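Copied from Swiss-Prot, the annotated features are:
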type     : residues : note
ACT_SITE : CYS91    : active site
ACT_SITE : HIS247   : active site
ACT_SITE : ASN271   : active site
DOMAIN   : 30-329   : domain 'Calpain catalytic'
DOMAIN   : 534-569  : domain 'EF-hand 1'
DOMAIN   : 632-665  : domain 'EF-hand 2'
Amino acid sequence: MAHDAETSVVKFKNQDFRTLRDHCLSRGQLFIDDTFPAAASSIGEKLLRGKHLSKLEWKRPTSKDLPFYPPHFILEGASRFDIHQGIAGDCWFLAALGSLTQNPQCLQKILMDQSYSHQYAGIFQFRFWQCGQWVEVVIDDQLPVIGDNFLFVHPRGGNKEFWPCLMEKAYAKLLGSYSQLHYGYLPDALVDLTGGVVTIINLHSSPFDLLTTVKTAIQAGSMVACATENGLTEEAKVMENGLVSQHAYTVTGAEKIQYQGRWEDIIRLWNPWGKTEWKGRWKDGSKEWRETHDPRKSQLYENKEDGEFWMSCQDFQENFSCLFICNQIPITMDHGVTPNESWRQMRFTNQVISRNRAGGHGRDMQYVFSVQEHTAGNNVVVAFTIMPQSLNTEEERFPLQFQVFKVPQFQNVQGRLPPAFFSPFRSAAQGTKYVSKCNFTKSFHLNPGTYVVVTTANGKEVEFLLRIFLKMPDKHRDPSSNFNLRALKESLPENGSRNSISYTYMDQGLDIDATQLQSLLNQEFLTGPPGDTFSLDQCQSIMALMDLKVNGRLDQEEFARLRSRLIHCQHIFQSIQRRPGVLLSSDLWKVIENTDFLVGIFISSELLSLMALRYSDSSGRVSFPTLVCFLIRLETMAKAFRNLSKDGKGIYLTETEWMNLVMYS
């Protein structure tokens, strides 16, 4: 049955970390894991072909004859640069892991609190998510080496950090052997590390704003990764442009950068190999980096052979096939990434379906859900996750298939729907799907009504988890959990700092469009965790109100005028807010009263009440970006009336004049 209970933790192979560690400590022994022995069987034949098996040894990082002695579990924080891929083709797992390092809080949940310096007994534990529950995997720290070289993931340079090596071993144990890591699906690793749901974007066919998508997704704590297409062979090969075919990369950032008097979108990637980088535009040491005068250059760029590099977003979309975004809720792409959307989840765990030998829907399983109200874009995501034990390594197709049908409005669903319901004339709902080895996800836009998910098995008995995500209308959003007001930075002085980002752009006389304005405002005026930032829609609105030339851009003079108002709004917000980041709609009259650029503007109590409804959330709170939009619009509309009125009492406009005024503002 469906439930929303707290996810449980299961001991893999019934091994309890504390019991085993304490037993070893009491006897002065180092743990030896008989369930995943230091033997060729734990590696697998596929990865041992052609290797010098006579020289293969298993050593602990504490061995003094290794160049990494003394070892550390983590030293000065976990980073993607601690990872260096070995002979296994597990870039799909390491790219996901590299992305997870950008969210230290989530990473700590699976790394646990352990070290080589405190209560060391040769035993370590890690957590992975499988079919609705966290699985705790215990390993010993014996790692396969040939000479001084680790066969699989090994520490980079001289940092002596072994958390990536040990975590890779734990994941290999969970899947059965190191060979099971050799080629896999990036979405499966993202789900196994987080328990989230993956949104897959086809870079060749999806019209979307790549820069905004990546920046917003990362700010929302999402894991973001990508993959190149297959080459001419089954093996991953380095291409002439420096990219690797059939290879996974971590997406670590995206920026809009100034170059030759214009703006260019660039994206930053990391290669789990720890080397081998892009050789095209914006590569390390490129003329683009030498010639750019962007003030953030020193913050963004460092010429190092560490596997991380920048490339233009245009080159990225031409050379990569898919972008993968993993979050605890679906990320819909209909109107850009909106991480504050509210979703409800129905979860069906430990589901078992037997093989359907008779065909049709006679042995199917059915799950009913309802869509209550109209919402924009994709509003239902159906996600199946298969238990690894149910997978057949020889079978390429997914072991389940499913469809979603709408139940007629007046048909009462009690128990199973009969086979007659699924006539050849009843069409299934159409959605966007993605299938990997362990996960099958479909996204739908469904009208209000009752629906049934019908699934059948393709082969043997299958155990699975089903999650149905339902988007809630904005009014159902829980403000305490889904709405984080972002804190304002300390007030900027009226004359500004010559080192501020916006002043640098003003000095260079560059025009700014709405996307650039969004980036500047969020960097200069807001700080703290992701939450209510200046959205692109708000910046387009501000742009229209301040754009005197009506060309869709702000010149130096227009931006300077906007900046002075923003600083004044900042002072007002901070002086009237009830607590950091929270201004109540009931205090809007105080705001208007204290806003210098609104002097002489009259606003009735009736209009003030309407504005409180228009610009506050369901809890009566007004964010700083929303307040800015309100105050600038109020000033602009009042000035427009005065300019158009001949007697100060009223105005006469043609339909065209009226439409021009209200539609571009």
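Quick reminder: no glycine exception, Cβ is built from N, Cα and C everywhere.
When pLDDT is averaged over the domain 'EF-hand 1' (534-569), the result is 85. Cβ contacts within 10 Å of HIS247 (active site), excluding its own Cβ and spanning all protein chains shown: 25. In terms of DSSP helix, strand and coil, the domain 'EF-hand 2' (632-665) has 22 helix, 0 strand, 12 coil. Broken down by DSSP into helix, strand and coil, the domain 'EF-hand 1' (534-569) contains 25 helix, 1 strand, 10 coil.
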